[in-house]
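Below you'll find the structure, written out as structure tokens, and then a few comments.
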Amino acid sequence: NSSDLSTSSFILASIPGLEAAHFWMGILLCSMYILAVTGNCAVLFIVKTEPSLHAPMYFFLCMLAAIDLALSTSTVPRVLSFYWFNTREISFGACLVQMFLIHTLSAIESTVLLAMAVDRYVAICHPLRHAAILTNAATAKIGLVAMARGVLFFLPLPLLLLPLPFCRSRVLSHSFCLHQDVMNLACANTTPSVVYGLTAILLVMGLDAILICLSYILILKAVLGLASWKERLKVFSTCIAHICVVLAFYVPLIGLSVVHRFGKDLAPLVHIIMGNIYILVPAVLNPIIYGVRTKQIQRRILNLIHIYND
């Protein structure tokens with residue numbers, strides 16, 4: 001009965017022939033999750049307790065840390081229960097909620113990355129106006145706009161799937177729920193869902209990526225106008241951490257989209273690995289990147305380690 005099935009559950013993907021390795025895969029995933037939680041919590045704590053870091057760039061970094069914590073926590077514990085306790089079923093409602101959180105949090109992160117690019121543009125191209133333009137109040141408003149934008153654009157995704165019947169295989173391609181993955185299992189017309197999903201992605205992540213590139217074109221133009229190569233490298237080095245974080249977010253996103261679009265004949269292992277990379281790699285890398293590139297955060301971490309050792 002398709003109507004009963006649409007309100008029951010889905011089956012999370014497993015890797016044929018590697019069921020015996022699930023325990024060790026869970027260990028690896030759990031280790032990455034612990035690293036992500038520790039690193040992002042450390043960033044939040046350091047920025048909160050270090051007055052010199054109470055600036056827009058670091059407030060945006062805190063937003064990224066909070067988003068990465070929420071995104072990884074909305075997926076990894078459920079995946080670990082699958083790997084360690086073989087709980088492969090996820091209810092229809094839980095699947096829709098998880099899908100909404102993943103896509104909404106990703107959209108919010110994309111908006112914050114754009115805001116950080118604008119922050120770098122203003123700091124380099126209009127340094128005298130930076131403090132007046134990007135005040136703490138403006139930063140808070142940008143955070144609220146990012147949240148509202150993510151929710152408004154991606155709330156319709158689960159709502160469009162809610163009335164659909166699912167009479168095909170209930171097995172997903174990943175160990176968590178994504179819109180396109182769930183939509184492909186429906187046995188009804190999914191054109192509205194396809195069109196809206198693509199439109200939302202293009203108007204949020206696609207537009208943000210274009211604007212981030214435009215910001216860096218303007219930044220590069222301003223940097224090349226400086227007198228010496230030493231000055232150019234010094235100024236542009238303030239953008240290196242943000243560029244790395246942008247790549248850590250968009251490269252897995254594009255890779256996952258390509259796998260969904262063109263990888264129907266790929267091995268299940270590829271889908272599962274790409275999904276886990278998309279969820280965990282940015283959360284793990286972001287605090288490491290800013291920890292390495294930011295002297296104030298390095299100094300604070302070393303102080304905390306010294307105090308702990310004493």
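For all residues, glycine too, the Cβ spot is worked out from N, Cα and C.
Marked as transmembrane segment by TrEMBL: 20-46 (among others).
Sequence annotations record features per position, and here TrEMBL assigns domain 'G-protein coupled receptors family 1 profile' to 39-290.
Among the features that TrEMBL reports, transmembrane segment is placed at 58-84 (among others).
Under the heading transmembrane segment, TrEMBL lists 90-118 (among others).
Annotated transmembrane segment per TrEMBL: 130-155 (among others), in sequence order.
Feature annotation from TrEMBL assigns transmembrane segment to 194-219 (among others). Within its own chain, the transmembrane segment (194-219) is flanked in space by residues 103, 106-107, 110-111, 113-114, 117-118, 120-121, 124-125, 149-150, 153-154, 156-157, 160, 179-180, 183, 236, 239, 243, 246, 250, 253, 257, which lie at least six positions past its ends and keep a Cβ under 8 Å from the stretch.
Feature annotation from TrEMBL assigns transmembrane segment to 240-263 (among others). Beyond the ends of the transmembrane segment (240-263), by six or more residues, the same chain brings 64, 106, 109-110, 113, 116-117, 120, 173, 178, 180-181, 201, 205, 209, 212, 216, 270-271, 274-275, 277-278, 281-282, 285-286, 289-290, 292-294 to within a C-beta distance below 8 angstroms of the stretch.
Here the transmembrane segment (269-292) has long-range neighbours at 13, 15, 18, 29, 32-33, 35-36, 39-40, 42-43, 61, 64-65, 68-69, 71-72, 75-76, 79, 102, 109, 173-176, 178, 241, 244-245, 248-249, 252-253, 255-256, 259, 263, 298, 301, meaning same-chain residues at least 6 beyond its ends whose C-beta is under 8 angstroms from one of its own. Per TrEMBL, the feature transmembrane segment maps to 269-292 (among others).
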Within-chain partners of the transmembrane segment (90-118) [C-beta distance under 8 Å, separation at least 6 from its ends]: 6-10, 12, 57, 60-61, 63-64, 67-68, 70-71, 74-75, 78, 139, 142-143, 145-147, 149-151, 153-155, 157-158, 161-162, 176-179, 182, 200, 204-205, 208-209, 211-212, 215-216, 242, 245-246, 249, 253, 279, 282
Residues from the same chain, set at least six apart from the ends of the transmembrane segment (20-46), whose C-beta lies under 8 A from its own: 14, 53, 61-62, 65-66, 68-69, 72-73, 76, 79-80, 82-84, 86, 276, 280, 283-284, 286-288, 290-291, 297, 300-301, 304
Chain residues outside the transmembrane segment (130-155) and at least six past its termini with a C-beta under 8 angstroms from it: 54, 56, 59-60, 63, 100, 103-108, 111-112, 115, 119, 122-123, 200, 203-204
